[in-house]
Amino acid sequence: MLMLLKYDFRRNRDRILRVFAITLLVQVGLWIFAGETGIWRFGEKTSEGMFIGNIITYLIAGIILQIYNVRTYDHNLRSYHRRLLPVNPVLSVLSPLLLGWILLLGVVVMAGLHLGLYIMFHSADFLPVNFWTLSFGSMLQMLWVAGYLMILLMLSITVARSVRIKGQVWIGIAIFFILNNGISYIKQQLFSNSFSGLENTLQFHMVEGKITPDFYTNSGSIINLGPAVFEVITAVLLLYVTVLLVKKRVES
């Protein structure tokens, strides 16, 4: 597993490092442009505006890193030399999934250090009282969502590459949307609601001309047990099918 992780990381090492370097430069640029009190928004300076810009930058960095990860999996699946390696198909599937989580954790650590420096030199007054609790829960939830989407993408790519006809890219895209929408529809029919914390974690409201962050204050858990168990079972089944297809492709 570690050898596969090193191989996949080295393949995109320069690109990955560039993403982190550019993200750092963008954050420094935002800080320089914003000054001590924040960027200009709605005609007045607000530190919350800079905070939103920071979040968007980190989200974009995470998405780009996952795109690199998906492309690496697709390349390994098509590579004849990779199929000659005596590697368990299970590890071939789990390696990009684990690498994707590691890269996202790298972005989270970078964002956490950035927030710590901001609080140290400025203030944490704009953060709500329950920021840390919901942020930790939402971080775990977003990591899970990213992993779940990665599993769907890997299965879609594997199925598309197993079909020996033209238009494999479009076939993979179609399979992904069919699987994603189909599973979402089934989950919606089985449960009245899905995860409730992610879409309600960060909410900014205008109060007396200022942007005031407010957090979801539901007394229940930010993760609903029923949909969570359903997604875990679905993810295991999707991984199982992906491993079978990869094994069949290696043996062919």
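Every residue gets a Cβ built from N, Cα and C, even glycine.
Under the heading transmembrane segment, TrEMBL lists 16-34 (among others). Here the transmembrane segment (16-34) has long-range neighbours at 9, 45, 47, 49-50, 53-54, 57-58, 61, 64-65, 68, 103, 106-107, 110, 114, meaning same-chain residues at least 6 beyond its ends whose C-beta is under 8 angstroms from one of its own.
Look at TrEMBL and you will find 49-70 (among others) tagged as transmembrane segment.
If you look up TrEMBL, you'll see 91-121 (among others) marked as transmembrane segment. Tertiary proximity for the transmembrane segment (91-121) is limited to same-chain residues at least six positions away from its ends with a CB under 8 Å from its CB atoms, namely 1, 4-5, 8-9, 16, 20, 23-24, 27, 54-55, 58, 61-62, 65-66, 69-70, 72-73, 76, 82, 139, 142-143, 146-147, 150-151, 154, 239, 242-243, 246.
TrEMBL lists 141-160 (among others) with the feature transmembrane segment.
If you look at the transmembrane segment (167-186), the same-chain residues 6 or more away from its ends with a CB under 8 A from one of its CBs are 149, 152-153, 155-157, 159-161, 194, 234, 238. According to TrEMBL, the transmembrane segment annotation covers 167-186 (among others).
Residues or ranges marked as transmembrane segment in TrEMBL: 222-246 (among others).
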